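Participant: Questions regarding the structure given below will be posed in turn.
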Amino acid sequence: MSKKPVALIILDGFALRDEDKGNAVTHAKKPNFDRFWNEYPHATLQASGEAVGLPEGQMGNSEVGHLNIGAGRIVYQSLTRVNVAIREGEFEQNETLLAAVKHAKEKGTNLHLFGLLSDGGVHSHIEHLYALLRLAKSEGLEKVYIHGFLDGRDVAPQSAETYLKELNEKIEEYGVGEIATLSGRYYSMDRDKRWERVEKSYRAMVYGEGPSYTSAEECVKDSYDNGIYDEFVLPSVITKEDGSPVATIQDEDAVIFYNFRPDRAIQISNTFANEDFRSFDRGEKHPKHLHFVCLTHFSETVDGYVAFKPINLDNTLGEVLSQNNLKQLRIAETEKYPHVTFFMSGGREAEFPGETRILIDSPKVATYDLKPEMSAYEVTDALLAEIEGDKQDAILLNFANPDMVGHSGMLEPTVKAIETVDECLGKIVDAILAKGGTAIITADHGNADEVITLEGNPMTAHTTNPVPVIVTKQGLELREDGILGDLAPTMLTLLDVAQPKEMTGKTLIK
């Protein structure tokens with residue numbers, strides 16, 4: 001029997017903005033998106049700030065977006081949870097954080113703090129590092145070392161000096177902390193199994209290997225002089241006057257990894273925390289008996305303590321589809337596969353009964369502006385086969401291109417990325433319509449809508465602009481005040497499935 005699938009198609013990083021300058025969305029030729037927008041009911045959704053459980057004005061991101069979409073409700077994010085804990089005095093009483101400090105004190109070893117040095121709020125927030133420094137000081141710990149990952153992606157590409165200046169002021173104010181290594185996030189926060197990058201960061205932190213400098217500022221200046229900006233700064237070692245490293249991570253040290261977003265934290269965490277790690281040779285000096293703390297739950301694969309444990313999300317979209325014996329497909333390429341599976345399932349790694357997953361490998365290129373098409377065509381071919389085979393009742397699809405290429409801050413490659421996705425979108429939606437099905441076309445956050453600032457500088461961060469939503473079914477009217485948490489209830493309405501009470505979002509269909 002022919003299925004009439006309902007598909008949720010997420011154009012990652014594709015938001016709407018009136019200003020044309022630096023806007024790859026308006027510059028791109030996208031006849032299919034425009035056709036669906038003009039022919040079918042459409043509206044915009046809020047995908048940032050309080051609408052997705054973030055602080056007011058905070059840009060959304062893929063993890064947050066997919067959590068909200070899959071949960072069918074506003075999910076209060078780790079950034080908000082940790083901020084509230086700091087504000088209300090709960091952070092300094094967190095038993096897991098205190099246990100790490102106690103371990104270092106009792107063993108007479110060092111406490112290492114590592115994470116992203118910015119206030120981007122996507123993977124980390126520098127205020128959380130400052131809170132950890134205050135905690136260490138209040139507990140009388142003196143040997144505290146910082147391994148800073150430079151951002152330049154969720155914030156301006158050359159902003160490291162600003163954050164280092166502020167960090168050094170805090171170190172002086174609190175009387176605790178010293179920078180031991182610096183590394184661009186390209187190396188320390190890889191998520192695509194490019195272990196040669198992670199290894200460089202690891203060896204800087206453990207072996208003191210890599211370019212050496214007498215200060216963090218000297219490291220950044222030298223990198224800038226060589227045309228290497230924050231995200232791509234080589235893992236580097238800060239040295240004392242005698243040329244030896246300020247500190248390396250050694251046996252029985254304590255580590256607190258203060259990033260809160262899991263996807264780019266897993267690989268480097270496994271490198272330190274897991275005894276059975278085999279992805280590269282860690283060498284004889286690999287620190288044994290580390291007390292390793294993750295700020296949040298990164299993955300079942302990470303053997304570490306968790307300071308802020310997950311909030312259980314019951315009756316997510318995937319679970320409800322499964323309970324109603326509907327076949328569902330999750331499909332994406334590598335870069336967004338965790339988002340359309342793990343995050344969309346509320347932090348659940350396992351498949352639900354009746355769930356199929358298709359992972360298409362992302363291309364092995366240094367940066368995606370070199371191949372803006374990424375693997376969109378391969379994703380499309382795989383999905384068209386599923387649609388033609390009448391295999392699925394519900395389809396959850398992510399196209400990574402607008403976001404991943406948008407992060408380059410380059411207009412032409414991002415335009416090419418959107419034009420590629422538009423071509424694929426046309427084929428997929430037309431195939432769904434031919435089966436009598438319906439597509440919900442939307443996005444999780446902004447990015448490609450501003451890749452060049454009004455001043456003409458590269459813009460590599462996300463935006464707070466609203467995202468589109470199109471429902472390819474005539475005779476409907478959509479609300480204009482929607483949020484990402486309303487998408488799952490909308491999909492359930494189209495599938496004629498009752499919405500569970502845990503889903504507090506509201507269908508967009510009037």
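Placement of Cβ uses the backbone N, Cα and C atoms for every residue, glycine included.
What Swiss-Prot shows for this protein is this:
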- S62: active site, phosphoserine intermediate (ACT_SITE)
- D12, S62, D444, H445: Mn(2+) 2 binding site (BINDING)
- H123, R153, D154, R185, R191, R261, P262, D263, R264, K336: substrate binding site (BINDING)
- D403, H407, H462: Mn(2+) 1 binding site (BINDING)
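Any idea what these are sitting next to in the structure?
Facilitator: S62 (active site, phosphoserine intermediate) falls within a helical segment according to DSSP.
Counting only residues at least six positions away in the same chain, the Cβ atoms of D12, G13, A15, A47, S48, M59, G60, N61, S62, V64, G65, D403, H462, T463, V467 sit under 8 Å from the Cβ of H445 (Mn(2+) 2 binding site). A coil conformation is recorded for H445 (Mn(2+) 2 binding site) in the three-state DSSP classification, outside any helix or strand.
Other Cβ atoms within 10 Å of the Cβ of R264 (substrate binding site), summed over all protein chains shown, number 21.
The DSSP secondary structure for H462 (Mn(2+) 1 binding site) is coil.
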Participant: Cβ distance under 8 Å to R191 (substrate binding site), same chain, sequence separation 6 or more: which residues?
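Facilitator: R191 (substrate binding site) has long-range Cβ partners D263, R264, I266, Q267, E335, P338.
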Participant: Just name the most isolated of the binding-site residues H407, H462, going by other Cβ atoms within 10 Å of its Cβ.
Facilitator: H407
Participant: If you count Cβ atoms within 10 Å of the Cβ of D154 (substrate binding site), leaving out that atom itself, what do you get?
Facilitator: 22
Participant: Using a Cβ-Cβ cut-off under 8 angstroms and a sequence gap of six or more, which residues of the chain neighbour H123 (substrate binding site)?
Facilitator: G115, L116, D154, R185, M189, N259, F260, R261, R264, A265
Participant: If you count the other Cβ atoms within 10 Å of each Cβ, which of the binding-site residues D12, D403, D444 comes out on top?
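Facilitator: Going through D12, D403, D444 one by one, the largest Cβ count within 10 Å is at D444.
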